[in-house]
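Visitor: Sending over a structure as C-alpha coordinates; questions will come in a sec.
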Amino acid sequence: MPTDHPAPGEGQLIRTVRQHLLLLGIVTFITTALAVTVGFLQGTSYTATTSVLVTPLEGNPYSPEGRGDDLINLETEAQLVTTDTVAKLAAGQLPGSDPARLRAKVSVSVPPNTQVLNISYTDQSARGARDGAQAFANAYLQHREQRAKAVTDGQMAKLREQAQRVERALQQATRQLSGANATERAFLNQRITAYTNQLGVIDEQINTIASTPIDPGQIITPAGLPKSSGHMMLLIYGAAGLVAGLVLGTGLALVRTRLDKRLRDAESVEALGLRTLSTIPEAPSSGEELVLVTQPDGPQAEGYRRLRAAVVAGAPGKQYVILVASATPGGTVTLTAANLAVALAFAGSPTIMIDATASAADPLELFGLSPAKGLSDTLISGTDPATLLIHADSNLRLLPRGRDAAQATHRFSGPLMRSTIKAMRRRSDYVVINGPSLHDADAQALCTLADAVLLVVSRGVTTRQDLIQAHIEAQRAGATVIGAVLESSPLPIAKPGRKPDRRPGTTERRAGESSTDTAPIPAPVPDPEDEPVVWEELVTGRKPVKDGHDIRLPGDRDNGSAAEEYPTDRRVAPTRRSEQQEEFSMKPSGKTGSGDGDI
(Lines of atoms letter the chains of each structure in order from A and count residues from 1; the text may use other names and numbers.)
(Lines give C-alpha, C1' and ligand atoms only; values in the text may rest on other atoms or scores of the structure.)
Protein backbone atom coordinates (compact mmCIF):
# COMPACT_ATOMS: atom_id res chain seq x y z
CA MET A 1 0.00 0.00 0.00
CA PRO A 2 1.34 3.50 -0.78
CA THR A 3 2.35 6.22 1.58
CA ASP A 4 0.22 8.11 4.02
CA HIS A 5 -0.42 11.00 1.63
CA PRO A 6 -2.15 10.33 -1.68
CA ALA A 7 -0.35 11.43 -4.78
CA PRO A 8 -1.95 14.46 -6.39
CA GLY A 9 -3.99 13.40 -9.39
CA GLU A 10 -5.47 15.26 -12.28
CA GLY A 11 -8.81 15.74 -10.58
CA GLN A 12 -7.56 16.24 -7.03
CA LEU A 13 -8.34 19.96 -7.05
CA ILE A 14 -11.88 19.32 -8.29
CA ARG A 15 -12.41 16.62 -5.65
CA THR A 16 -11.07 18.92 -2.95
CA VAL A 17 -13.38 21.73 -3.98
CA ARG A 18 -16.35 19.36 -4.16
CA GLN A 19 -15.61 18.01 -0.69
CA HIS A 20 -15.34 21.50 0.80
CA LEU A 21 -18.17 23.29 -0.99
CA LEU A 22 -19.59 24.48 2.32
CA LEU A 23 -16.26 25.94 3.44
CA LEU A 24 -15.74 27.53 0.04
CA GLY A 25 -19.21 29.05 0.11
CA ILE A 26 -18.79 30.46 3.62
CA VAL A 27 -15.40 32.01 2.90
CA THR A 28 -16.60 33.48 -0.40
CA PHE A 29 -19.71 34.92 1.23
CA ILE A 30 -17.70 36.52 4.04
CA THR A 31 -15.11 38.11 1.76
CA THR A 32 -17.75 39.38 -0.67
CA ALA A 33 -19.82 40.85 2.16
CA LEU A 34 -16.75 42.55 3.65
CA ALA A 35 -15.75 44.01 0.30
CA VAL A 36 -19.24 45.37 -0.38
CA THR A 37 -19.36 46.80 3.15
CA VAL A 38 -16.05 48.59 2.63
CA GLY A 39 -17.31 50.02 -0.64
CA PHE A 40 -20.52 51.15 1.01
CA LEU A 41 -18.72 52.81 3.94
CA GLN A 42 -16.59 54.79 1.55
CA GLY A 43 -19.74 56.52 0.39
CA THR A 44 -20.86 57.67 -3.04
CA SER A 45 -18.29 59.66 -4.98
CA TYR A 46 -18.58 61.91 -8.02
CA THR A 47 -15.84 62.78 -10.48
CA ALA A 48 -15.95 65.76 -12.84
CA THR A 49 -13.40 66.53 -15.57
CA THR A 50 -12.40 69.78 -17.25
CA SER A 51 -10.35 69.79 -20.46
CA VAL A 52 -7.85 72.63 -20.90
CA LEU A 53 -6.07 73.54 -24.14
CA VAL A 54 -2.54 74.66 -23.28
CA THR A 55 -0.75 77.21 -25.50
CA PRO A 56 2.99 77.97 -25.47
CA LEU A 57 3.70 80.82 -23.14
CA GLU A 58 6.78 82.62 -21.94
CA GLY A 59 7.92 81.62 -18.52
CA ASN A 60 6.33 78.14 -18.65
CA PRO A 61 7.68 74.67 -19.48
CA TYR A 62 5.65 74.69 -22.69
CA SER A 63 6.97 77.94 -24.19
CA PRO A 64 7.27 79.44 -27.68
CA GLU A 65 10.97 78.62 -27.72
CA GLY A 66 10.14 74.91 -27.97
CA ARG A 67 9.44 73.17 -31.22
CA GLY A 68 5.85 72.85 -32.27
CA ASP A 69 6.01 69.05 -32.18
CA ASP A 70 7.78 68.90 -28.83
CA LEU A 71 5.01 68.09 -26.35
CA ILE A 72 7.10 66.38 -23.70
CA ASN A 73 6.95 69.47 -21.52
CA LEU A 74 3.18 68.99 -21.19
CA GLU A 75 3.88 66.30 -18.59
CA THR A 76 5.61 68.96 -16.55
CA GLU A 77 2.66 71.27 -17.09
CA ALA A 78 0.40 68.52 -15.75
CA GLN A 79 2.44 68.30 -12.57
CA LEU A 80 1.96 72.03 -12.02
CA VAL A 81 -1.78 71.48 -11.58
CA THR A 82 -1.26 69.64 -8.28
CA THR A 83 1.23 72.12 -6.78
CA ASP A 84 0.55 74.10 -3.64
CA THR A 85 0.41 77.36 -5.57
CA VAL A 86 -2.38 76.17 -7.85
CA ALA A 87 -4.20 74.52 -4.92
CA LYS A 88 -4.15 77.82 -3.00
CA LEU A 89 -5.53 79.66 -6.00
CA ALA A 90 -8.29 77.01 -6.31
CA ALA A 91 -9.05 77.25 -2.59
CA GLY A 92 -9.70 80.94 -3.12
CA GLN A 93 -12.53 79.97 -5.45
CA LEU A 94 -13.85 77.28 -3.06
CA PRO A 95 -14.47 79.01 0.28
CA GLY A 96 -13.70 76.96 3.38
CA SER A 97 -11.50 74.46 1.53
CA ASP A 98 -8.11 73.25 2.67
CA PRO A 99 -5.48 73.30 -0.12
CA ALA A 100 -3.94 70.05 1.13
CA ARG A 101 -7.28 68.22 0.92
CA LEU A 102 -7.98 69.74 -2.46
CA ARG A 103 -4.71 68.36 -3.82
CA ALA A 104 -5.71 64.83 -2.74
CA LYS A 105 -8.90 65.04 -4.78
CA VAL A 106 -7.44 66.22 -8.08
CA SER A 107 -5.78 64.21 -10.83
CA VAL A 108 -4.43 65.18 -14.27
CA SER A 109 -4.01 63.18 -17.45
CA VAL A 110 -2.48 64.10 -20.81
CA PRO A 111 -3.95 62.45 -23.90
CA PRO A 112 -1.15 61.34 -26.24
CA ASN A 113 -0.01 63.78 -28.95
CA THR A 114 -2.25 66.61 -27.78
CA GLN A 115 -1.94 69.99 -26.08
CA VAL A 116 -4.81 69.12 -23.76
CA LEU A 117 -4.84 68.53 -20.01
CA ASN A 118 -7.77 66.64 -18.48
CA ILE A 119 -8.20 67.91 -14.92
CA SER A 120 -10.43 65.60 -12.82
CA TYR A 121 -11.79 66.32 -9.38
CA THR A 122 -13.56 63.83 -7.06
CA ASP A 123 -15.98 64.86 -4.34
CA GLN A 124 -18.86 63.47 -2.28
CA SER A 125 -21.33 65.64 -4.20
CA ALA A 126 -21.82 66.22 -7.90
CA ARG A 127 -21.80 70.01 -7.50
CA GLY A 128 -18.62 69.86 -5.43
CA ALA A 129 -16.91 67.73 -8.07
CA ARG A 130 -17.92 70.13 -10.84
CA ASP A 131 -16.87 73.25 -8.93
CA GLY A 132 -13.58 71.65 -7.90
CA ALA A 133 -12.63 70.68 -11.44
CA GLN A 134 -13.55 74.11 -12.73
CA ALA A 135 -11.67 75.85 -9.92
CA PHE A 136 -8.47 73.91 -10.56
CA ALA A 137 -8.70 74.57 -14.30
CA ASN A 138 -9.11 78.31 -13.70
CA ALA A 139 -6.38 78.29 -11.06
CA TYR A 140 -3.99 76.51 -13.39
CA LEU A 141 -4.59 78.99 -16.23
CA GLN A 142 -4.28 81.85 -13.77
CA HIS A 143 -1.01 80.43 -12.54
CA ARG A 144 0.34 80.17 -16.09
CA GLU A 145 -0.74 83.72 -16.83
CA GLN A 146 0.91 85.00 -13.67
CA ARG A 147 4.13 83.24 -14.54
CA ALA A 148 4.11 84.68 -18.08
CA LYS A 149 3.24 88.17 -16.84
CA ALA A 150 6.01 88.00 -14.28
CA VAL A 151 8.49 87.23 -17.05
CA THR A 152 7.32 90.06 -19.32
CA ASP A 153 7.19 92.52 -16.46
CA GLY A 154 10.76 91.66 -15.60
CA GLN A 155 11.85 92.17 -19.18
CA MET A 156 10.11 95.54 -19.44
CA ALA A 157 11.60 96.66 -16.12
CA LYS A 158 15.08 95.93 -17.36
CA LEU A 159 14.42 97.77 -20.64
CA ARG A 160 13.09 100.83 -18.83
CA GLU A 161 16.08 100.84 -16.52
CA GLN A 162 18.34 100.66 -19.54
CA ALA A 163 16.40 103.46 -21.22
CA GLN A 164 16.86 105.67 -18.17
CA ARG A 165 20.60 105.16 -18.24
CA VAL A 166 20.75 106.02 -21.94
CA GLU A 167 18.53 109.07 -21.31
CA ARG A 168 20.86 110.35 -18.63
CA ALA A 169 23.88 109.83 -20.88
CA LEU A 170 22.09 111.69 -23.70
CA GLN A 171 21.31 114.63 -21.45
CA GLN A 172 24.89 114.86 -20.25
CA ALA A 173 26.21 114.81 -23.81
CA THR A 174 23.79 117.56 -24.82
CA ARG A 175 24.95 119.80 -21.96
CA GLN A 176 28.59 119.28 -22.88
CA LEU A 177 27.92 120.23 -26.49
CA SER A 178 27.30 123.96 -25.73
CA GLY A 179 30.78 124.60 -24.34
CA ALA A 180 32.82 122.28 -26.54
CA ASN A 181 35.26 123.24 -29.31
CA ALA A 182 34.94 122.04 -32.84
CA THR A 183 36.65 118.72 -32.29
CA GLU A 184 34.65 117.96 -29.14
CA ARG A 185 31.43 119.04 -30.78
CA ALA A 186 31.90 116.47 -33.55
CA PHE A 187 32.45 113.69 -30.99
CA LEU A 188 29.53 114.73 -28.84
CA ASN A 189 27.22 114.88 -31.83
CA GLN A 190 28.11 111.27 -32.63
CA ARG A 191 27.38 110.23 -29.01
CA ILE A 192 24.09 112.08 -29.00
CA THR A 193 23.08 110.33 -32.22
CA ALA A 194 24.02 106.89 -30.78
CA TYR A 195 22.12 107.52 -27.54
CA THR A 196 19.10 108.63 -29.49
CA ASN A 197 19.15 105.50 -31.66
CA GLN A 198 19.57 103.28 -28.58
CA LEU A 199 16.58 104.88 -26.91
CA GLY A 200 14.57 104.19 -30.03
CA VAL A 201 15.49 100.51 -29.97
CA ILE A 202 14.62 100.24 -26.28
CA ASP A 203 11.30 101.92 -26.80
CA GLU A 204 10.60 99.53 -29.67
CA GLN A 205 11.35 96.49 -27.50
CA ILE A 206 9.19 97.85 -24.73
CA ASN A 207 6.35 98.43 -27.13
CA THR A 208 6.77 94.93 -28.59
CA ILE A 209 6.62 93.26 -25.19
CA ALA A 210 3.76 95.41 -24.06
CA SER A 211 1.78 94.65 -27.17
CA THR A 212 2.35 90.86 -27.00
CA PRO A 213 -0.85 89.14 -25.70
CA ILE A 214 -0.58 86.68 -22.74
CA ASP A 215 -2.66 83.58 -23.57
CA PRO A 216 -2.17 80.81 -20.96
CA GLY A 217 -4.72 78.58 -22.68
CA GLN A 218 -8.41 78.03 -22.54
CA ILE A 219 -11.00 75.66 -21.18
CA ILE A 220 -12.34 73.71 -24.12
CA THR A 221 -14.63 71.39 -22.13
CA PRO A 222 -16.08 72.85 -18.93
CA ALA A 223 -16.90 70.49 -16.08
CA GLY A 224 -20.50 69.36 -15.87
CA LEU A 225 -22.56 67.69 -13.16
CA PRO A 226 -21.25 64.10 -13.06
CA LYS A 227 -23.33 60.99 -12.46
CA SER A 228 -22.78 58.82 -9.39
CA SER A 229 -20.28 55.98 -9.65
CA GLY A 230 -21.35 54.47 -6.35
CA HIS A 231 -23.20 51.48 -7.82
CA MET A 232 -20.32 50.72 -10.12
CA MET A 233 -17.86 50.88 -7.23
CA LEU A 234 -20.00 48.50 -5.21
CA LEU A 235 -19.97 46.07 -8.12
CA ILE A 236 -16.21 46.40 -8.41
CA TYR A 237 -15.71 45.83 -4.69
CA GLY A 238 -18.12 42.89 -4.73
CA ALA A 239 -16.37 41.27 -7.69
CA ALA A 240 -13.00 41.73 -6.02
CA GLY A 241 -14.33 40.17 -2.81
CA LEU A 242 -15.82 37.25 -4.76
CA VAL A 243 -12.54 36.49 -6.50
CA ALA A 244 -10.60 36.85 -3.26
CA GLY A 245 -13.04 34.52 -1.49
CA LEU A 246 -12.76 31.84 -4.17
CA VAL A 247 -8.98 31.97 -4.06
CA LEU A 248 -8.83 32.01 -0.26
CA GLY A 249 -11.47 29.28 0.09
CA THR A 250 -9.71 27.02 -2.39
CA GLY A 251 -6.44 27.53 -0.56
CA LEU A 252 -8.03 26.71 2.79
CA ALA A 253 -9.66 23.62 1.26
CA LEU A 254 -6.31 22.39 -0.03
CA VAL A 255 -4.66 23.01 3.33
CA ARG A 256 -7.50 21.30 5.16
CA THR A 257 -7.34 18.33 2.81
CA ARG A 258 -3.62 18.07 3.40
CA LEU A 259 -4.00 18.20 7.17
CA ASP A 260 -7.20 16.13 7.39
CA LYS A 261 -6.31 12.43 7.54
CA ARG A 262 -9.89 11.18 7.32
CA LEU A 263 -11.18 9.39 4.24
CA ARG A 264 -14.29 10.92 2.72
CA ASP A 265 -14.74 9.44 -0.74
CA ALA A 266 -13.79 6.52 -2.96
CA GLU A 267 -11.09 8.54 -4.72
CA SER A 268 -9.19 9.11 -1.48
CA VAL A 269 -9.37 5.38 -0.72
CA GLU A 270 -8.18 4.38 -4.18
CA ALA A 271 -5.40 6.96 -3.96
CA LEU A 272 -3.91 4.69 -1.28
CA GLY A 273 -3.85 1.79 -3.73
CA LEU A 274 -6.94 -0.07 -2.48
CA ARG A 275 -9.85 -0.73 -4.81
CA THR A 276 -13.25 0.55 -3.67
CA LEU A 277 -15.81 -2.15 -4.42
CA SER A 278 -18.84 -0.05 -3.54
CA THR A 279 -19.95 3.12 -1.81
CA ILE A 280 -23.00 2.87 0.42
CA PRO A 281 -24.88 6.20 0.47
CA GLU A 282 -26.02 7.71 3.72
CA ALA A 283 -29.36 6.34 4.83
CA PRO A 284 -32.14 8.87 5.53
CA SER A 285 -33.06 7.01 8.72
CA SER A 286 -30.82 5.53 11.39
CA GLY A 287 -29.59 3.00 8.84
CA GLU A 288 -29.68 0.03 11.24
CA GLU A 289 -31.78 -2.19 9.02
CA LEU A 290 -31.57 -4.68 6.19
CA VAL A 291 -32.17 -2.24 3.35
CA LEU A 292 -32.39 -5.04 0.78
CA VAL A 293 -35.57 -6.09 2.59
CA THR A 294 -37.00 -2.78 3.81
CA GLN A 295 -35.92 -0.54 0.91
CA PRO A 296 -34.98 -2.82 -2.00
CA ASP A 297 -35.23 0.01 -4.55
CA GLY A 298 -33.24 2.54 -2.53
CA PRO A 299 -29.70 3.74 -3.22
CA GLN A 300 -28.36 1.87 -0.18
CA ALA A 301 -29.71 -1.43 -1.49
CA GLU A 302 -28.16 -0.71 -4.87
CA GLY A 303 -24.83 -0.13 -3.15
CA TYR A 304 -24.97 -3.55 -1.50
CA ARG A 305 -25.90 -5.17 -4.81
CA ARG A 306 -22.82 -3.58 -6.37
CA LEU A 307 -20.79 -4.92 -3.47
CA ARG A 308 -22.23 -8.41 -4.05
CA ALA A 309 -21.34 -8.24 -7.74
CA ALA A 310 -17.76 -7.24 -6.92
CA VAL A 311 -17.38 -10.04 -4.36
CA VAL A 312 -18.81 -12.67 -6.71
CA ALA A 313 -16.60 -11.46 -9.54
CA GLY A 314 -13.52 -11.73 -7.34
CA ALA A 315 -14.36 -15.14 -5.87
CA PRO A 316 -12.37 -17.96 -7.53
CA GLY A 317 -15.21 -20.42 -6.97
CA LYS A 318 -17.72 -21.70 -4.46
CA GLN A 319 -17.10 -22.43 -0.78
CA TYR A 320 -15.67 -18.92 -0.46
CA VAL A 321 -14.98 -17.50 2.99
CA ILE A 322 -14.86 -13.71 3.27
CA LEU A 323 -14.05 -11.79 6.43
CA VAL A 324 -15.78 -8.42 6.73
CA ALA A 325 -13.76 -6.25 9.10
CA SER A 326 -13.58 -2.58 9.94
CA ALA A 327 -10.53 -0.50 9.08
CA THR A 328 -11.36 1.83 11.98
CA PRO A 329 -10.01 0.99 15.44
CA GLY A 330 -12.96 -0.21 17.47
CA GLY A 331 -15.29 -0.03 14.48
CA THR A 332 -18.12 -2.48 13.80
CA VAL A 333 -19.33 -3.88 10.49
CA THR A 334 -22.46 -5.75 11.55
CA LEU A 335 -24.71 -3.83 9.18
CA THR A 336 -22.39 -4.27 6.20
CA ALA A 337 -21.82 -7.97 6.83
CA ALA A 338 -25.53 -8.69 7.32
CA ASN A 339 -26.59 -6.84 4.17
CA LEU A 340 -23.84 -8.53 2.15
CA ALA A 341 -24.98 -11.95 3.37
CA VAL A 342 -28.58 -11.11 2.47
CA ALA A 343 -27.50 -9.91 -0.97
CA LEU A 344 -25.60 -13.14 -1.65
CA ALA A 345 -28.57 -15.21 -0.46
CA PHE A 346 -31.01 -13.26 -2.61
CA ALA A 347 -28.82 -14.08 -5.60
CA GLY A 348 -29.52 -17.78 -5.00
CA SER A 349 -26.20 -18.69 -3.38
CA PRO A 350 -26.34 -20.73 -0.15
CA THR A 351 -24.79 -18.41 2.40
CA ILE A 352 -23.83 -18.71 6.04
CA MET A 353 -23.12 -15.67 8.18
CA ILE A 354 -20.92 -16.22 11.22
CA ASP A 355 -20.97 -13.59 13.94
CA ALA A 356 -17.45 -13.47 15.39
CA THR A 357 -17.90 -10.24 17.35
CA ALA A 358 -18.29 -9.72 21.07
CA SER A 359 -19.04 -6.04 21.64
CA ALA A 360 -20.84 -5.01 18.46
CA ALA A 361 -24.58 -5.01 17.88
CA ASP A 362 -26.04 -8.50 17.59
CA PRO A 363 -26.95 -9.27 13.94
CA LEU A 364 -29.90 -11.34 15.16
CA GLU A 365 -31.66 -8.10 16.06
CA LEU A 366 -31.54 -7.06 12.39
CA PHE A 367 -33.41 -10.26 11.51
CA GLY A 368 -35.92 -9.83 14.33
CA LEU A 369 -34.55 -12.83 16.25
CA SER A 370 -33.75 -13.30 19.90
CA PRO A 371 -30.24 -14.10 21.17
CA ALA A 372 -29.35 -17.76 20.80
CA LYS A 373 -26.50 -20.16 21.27
CA GLY A 374 -23.84 -20.04 18.64
CA LEU A 375 -20.12 -19.85 17.89
CA SER A 376 -19.01 -19.39 21.48
CA ASP A 377 -20.84 -22.56 22.50
CA THR A 378 -18.93 -24.46 19.82
CA LEU A 379 -15.54 -23.06 20.79
CA ILE A 380 -16.01 -23.35 24.56
CA SER A 381 -18.47 -26.19 25.07
CA GLY A 382 -17.72 -28.23 21.98
CA THR A 383 -21.32 -28.00 20.72
CA ASP A 384 -21.87 -29.19 17.18
CA PRO A 385 -22.19 -25.95 15.11
CA ALA A 386 -24.62 -27.64 12.72
CA THR A 387 -27.18 -27.77 15.51
CA LEU A 388 -26.77 -24.03 16.14
CA LEU A 389 -27.48 -22.75 12.64
CA ILE A 390 -30.56 -20.55 12.31
CA HIS A 391 -32.43 -20.35 9.02
CA ALA A 392 -33.18 -16.74 8.15
CA ASP A 393 -34.00 -17.47 4.52
CA SER A 394 -34.04 -20.45 2.20
CA ASN A 395 -30.46 -19.62 1.22
CA LEU A 396 -29.28 -17.82 4.36
CA ARG A 397 -28.32 -19.39 7.67
CA LEU A 398 -26.90 -17.64 10.69
CA LEU A 399 -24.38 -18.86 13.24
CA PRO A 400 -24.87 -16.45 16.16
CA ARG A 401 -22.11 -15.32 18.47
CA GLY A 402 -23.47 -17.31 21.37
CA ARG A 403 -23.77 -16.58 25.03
CA ASP A 404 -20.07 -16.27 25.90
CA ALA A 405 -18.71 -14.39 22.90
CA ALA A 406 -16.08 -12.51 24.90
CA GLN A 407 -14.62 -15.76 26.24
CA ALA A 408 -14.66 -17.42 22.83
CA THR A 409 -12.56 -14.77 21.10
CA HIS A 410 -9.43 -16.22 22.69
CA ARG A 411 -9.98 -19.45 20.73
CA PHE A 412 -10.24 -17.97 17.24
CA SER A 413 -6.78 -19.36 16.51
CA GLY A 414 -7.63 -22.81 17.84
CA PRO A 415 -8.46 -26.02 16.00
CA LEU A 416 -12.18 -25.90 16.80
CA MET A 417 -12.47 -22.57 15.00
CA ARG A 418 -10.67 -23.95 11.96
CA SER A 419 -12.92 -26.99 11.95
CA THR A 420 -16.00 -24.79 12.27
CA ILE A 421 -14.97 -22.72 9.25
CA LYS A 422 -14.27 -25.86 7.23
CA ALA A 423 -17.66 -27.27 8.09
CA MET A 424 -19.48 -24.05 7.22
CA ARG A 425 -17.52 -23.78 3.99
CA ARG A 426 -18.77 -27.22 2.86
CA ARG A 427 -22.35 -26.37 3.70
CA SER A 428 -22.54 -23.18 1.61
CA ASP A 429 -21.22 -21.30 -1.38
CA TYR A 430 -20.30 -18.25 0.68
CA VAL A 431 -19.36 -17.86 4.32
CA VAL A 432 -19.51 -14.27 5.55
CA ILE A 433 -17.69 -13.67 8.83
CA ASN A 434 -18.82 -10.61 10.75
CA GLY A 435 -15.53 -9.72 12.39
CA PRO A 436 -14.19 -7.02 14.68
CA SER A 437 -11.83 -4.26 13.65
CA LEU A 438 -8.64 -5.41 11.95
CA HIS A 439 -6.74 -3.42 14.56
CA ASP A 440 -7.93 -6.07 17.03
CA ALA A 441 -5.89 -9.25 17.49
CA ASP A 442 -9.09 -11.32 17.22
CA ALA A 443 -9.69 -10.12 13.67
CA GLN A 444 -6.08 -10.81 12.77
CA ALA A 445 -6.61 -14.40 13.89
CA LEU A 446 -9.71 -14.65 11.71
CA CYS A 447 -7.70 -13.48 8.70
CA THR A 448 -5.89 -16.81 8.66
CA LEU A 449 -9.22 -18.63 8.21
CA ALA A 450 -10.67 -16.54 5.39
CA ASP A 451 -10.04 -16.63 1.67
CA ALA A 452 -10.37 -12.86 1.43
CA VAL A 453 -10.81 -9.80 3.61
CA LEU A 454 -13.22 -6.95 2.89
CA LEU A 455 -12.29 -3.72 4.67
CA VAL A 456 -15.10 -1.38 5.70
CA VAL A 457 -14.17 2.30 5.65
CA SER A 458 -16.39 4.68 7.61
CA ARG A 459 -16.69 7.96 5.76
CA GLY A 460 -15.34 10.87 7.76
CA VAL A 461 -14.16 8.56 10.57
CA THR A 462 -11.52 6.21 9.17
CA THR A 463 -8.17 7.89 8.63
CA ARG A 464 -5.60 7.14 5.97
CA GLN A 465 -3.28 5.71 8.60
CA ASP A 466 -6.08 3.47 9.93
CA LEU A 467 -6.65 1.98 6.48
CA ILE A 468 -2.94 1.54 5.81
CA GLN A 469 -2.42 -0.17 9.16
CA ALA A 470 -5.45 -2.45 8.66
CA HIS A 471 -4.13 -3.48 5.25
CA ILE A 472 -0.72 -4.21 6.77
CA GLU A 473 -2.28 -6.35 9.52
CA ALA A 474 -4.21 -8.38 6.94
CA GLN A 475 -1.07 -8.93 4.89
CA ARG A 476 0.85 -10.03 7.98
CA ALA A 477 -1.79 -12.70 8.54
CA GLY A 478 -1.38 -13.88 4.95
CA ALA A 479 -4.87 -12.76 3.92
CA THR A 480 -5.86 -11.29 0.58
CA VAL A 481 -7.63 -7.94 0.76
CA ILE A 482 -10.06 -7.85 -2.17
CA GLY A 483 -10.96 -4.21 -1.62
CA ALA A 484 -12.86 -1.79 0.54
CA VAL A 485 -16.44 -0.64 0.89
CA LEU A 486 -17.12 2.97 1.85
CA GLU A 487 -19.87 2.99 4.44
CA SER A 488 -21.58 6.35 4.94
CA SER A 489 -23.66 5.48 7.97
CA PRO A 490 -21.83 2.89 10.08
CA LEU A 491 -23.13 1.44 13.30
CA PRO A 492 -21.81 2.98 16.53
CA ILE A 493 -18.16 2.29 17.21
CA ALA A 494 -17.37 -0.01 20.09
CA LYS A 495 -14.65 1.00 22.48
CA PRO A 496 -11.50 -1.03 21.89
CA GLY A 497 -10.61 -3.35 24.67
CA ARG A 498 -14.04 -3.11 26.31
CA LYS A 499 -15.77 -6.46 25.97
CA PRO A 500 -18.76 -7.72 27.94
CA ASP A 501 -17.85 -9.57 31.10
CA ARG A 502 -19.65 -12.78 30.28
CA ARG A 503 -19.03 -16.03 32.11
CA PRO A 504 -20.29 -19.50 31.24
CA GLY A 505 -23.72 -20.05 32.55
CA THR A 506 -24.75 -16.39 32.66
CA THR A 507 -27.78 -15.07 30.86
CA GLU A 508 -28.47 -12.00 28.74
CA ARG A 509 -30.95 -9.30 29.66
CA ARG A 510 -32.68 -6.87 27.40
CA ALA A 511 -32.74 -3.19 28.33
CA GLY A 512 -35.40 -2.52 30.94
CA GLU A 513 -35.73 -6.16 32.12
CA SER A 514 -35.00 -7.26 35.64
CA SER A 515 -32.88 -10.26 36.49
CA THR A 516 -35.92 -12.23 37.61
CA ASP A 517 -37.51 -11.86 34.18
CA THR A 518 -34.45 -13.15 32.34
CA ALA A 519 -34.39 -16.68 30.99
CA PRO A 520 -31.34 -18.58 29.74
CA ILE A 521 -30.55 -18.11 26.07
CA PRO A 522 -32.31 -20.89 24.16
CA ALA A 523 -30.30 -23.19 21.97
CA PRO A 524 -31.56 -23.74 18.40
CA VAL A 525 -33.16 -27.09 17.75
CA PRO A 526 -31.31 -29.10 15.08
CA ASP A 527 -33.11 -30.02 11.90
CA PRO A 528 -34.61 -33.52 12.26
CA GLU A 529 -33.57 -34.27 8.69
CA ASP A 530 -29.87 -33.93 9.58
CA GLU A 531 -27.96 -37.18 9.92
CA PRO A 532 -26.68 -37.88 13.45
CA VAL A 533 -23.24 -36.41 13.81
CA VAL A 534 -20.87 -37.46 16.54
CA TRP A 535 -18.99 -34.22 17.28
CA GLU A 536 -16.49 -35.95 19.53
CA GLU A 537 -15.42 -38.29 16.79
CA LEU A 538 -14.90 -35.44 14.33
CA VAL A 539 -12.73 -33.37 16.63
CA THR A 540 -10.76 -36.24 18.20
CA GLY A 541 -10.71 -38.98 15.60
CA ARG A 542 -11.81 -41.61 18.17
CA LYS A 543 -15.03 -43.57 18.61
CA PRO A 544 -17.05 -42.52 21.66
CA VAL A 545 -18.50 -45.07 24.10
CA LYS A 546 -21.30 -44.65 26.60
CA ASP A 547 -20.45 -44.92 30.28
CA GLY A 548 -23.53 -44.61 32.45
CA HIS A 549 -25.25 -41.33 31.84
CA ASP A 550 -22.17 -39.65 30.38
CA ILE A 551 -20.49 -39.96 27.00
CA ARG A 552 -16.83 -40.82 27.42
CA LEU A 553 -14.04 -41.53 25.00
CA PRO A 554 -11.64 -44.43 25.33
CA GLY A 555 -8.60 -43.40 27.34
CA ASP A 556 -10.30 -40.49 29.14
CA ARG A 557 -9.13 -39.86 32.66
CA ASP A 558 -11.46 -39.20 35.57
CA ASN A 559 -9.79 -36.01 36.73
CA GLY A 560 -12.34 -33.97 34.77
CA SER A 561 -9.80 -31.43 33.63
CA ALA A 562 -11.00 -31.57 30.05
CA ALA A 563 -14.61 -31.37 31.07
CA GLU A 564 -13.93 -28.17 32.96
CA GLU A 565 -12.38 -26.71 29.84
CA TYR A 566 -15.38 -27.53 27.66
CA PRO A 567 -18.52 -27.59 29.84
CA THR A 568 -21.68 -28.20 27.82
CA ASP A 569 -25.34 -28.78 28.41
CA ARG A 570 -24.91 -32.18 26.74
CA ARG A 571 -22.16 -33.11 29.24
CA VAL A 572 -19.72 -33.76 26.42
CA ALA A 573 -16.18 -34.07 27.72
CA PRO A 574 -13.66 -34.39 24.90
CA THR A 575 -10.14 -34.71 26.26
CA ARG A 576 -6.64 -34.99 24.90
CA ARG A 577 -7.62 -33.78 21.44
CA SER A 578 -5.08 -34.40 18.73
CA GLU A 579 -3.04 -31.58 17.16
CA GLN A 580 -4.59 -32.23 13.74
CA GLN A 581 -8.36 -31.72 14.00
CA GLU A 582 -10.76 -33.20 11.49
CA GLU A 583 -13.32 -30.99 9.82
CA PHE A 584 -17.01 -31.41 10.39
CA SER A 585 -19.03 -33.64 8.11
CA MET A 586 -22.61 -32.47 8.33
CA LYS A 587 -25.61 -32.26 6.10
CA PRO A 588 -27.56 -28.98 5.92
CA SER A 589 -29.67 -28.52 8.97
CA GLY A 590 -33.31 -27.61 8.97
CA LYS A 591 -34.98 -24.58 10.51
CA THR A 592 -34.45 -24.12 14.21
CA GLY A 593 -36.91 -23.26 16.82
CA SER A 594 -35.44 -19.87 17.61
CA GLY A 595 -35.05 -18.70 14.04
CA ASP A 596 -38.45 -19.43 12.46
CA GLY A 597 -39.55 -17.42 9.49
CA ASP A 598 -37.83 -16.16 6.40
CA ILE A 599 -36.93 -12.57 5.66
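In case you wondered, yes, glycine gets a Cβ from its N, Cα and C as well.
Note that TrEMBL annotation is computational and uncurated.
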Visitor: In TrEMBL, which of the ranges 44-71, 156-183 has the coiled coil annotation?
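Guide: Per TrEMBL, the stretch marked coiled coil is 156-183.
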Visitor: Summarise the domain 'Polysaccharide chain length determinant N-terminal' (12-60) by DSSP state, stating how many residues are helix, strand and coil.
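Guide: Its residues fall into 29 helix, 9 strand, 11 coil.
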Visitor: In the predicted model, what is the mean pLDDT computed over the coiled coil (156-183)?
Guide: 85
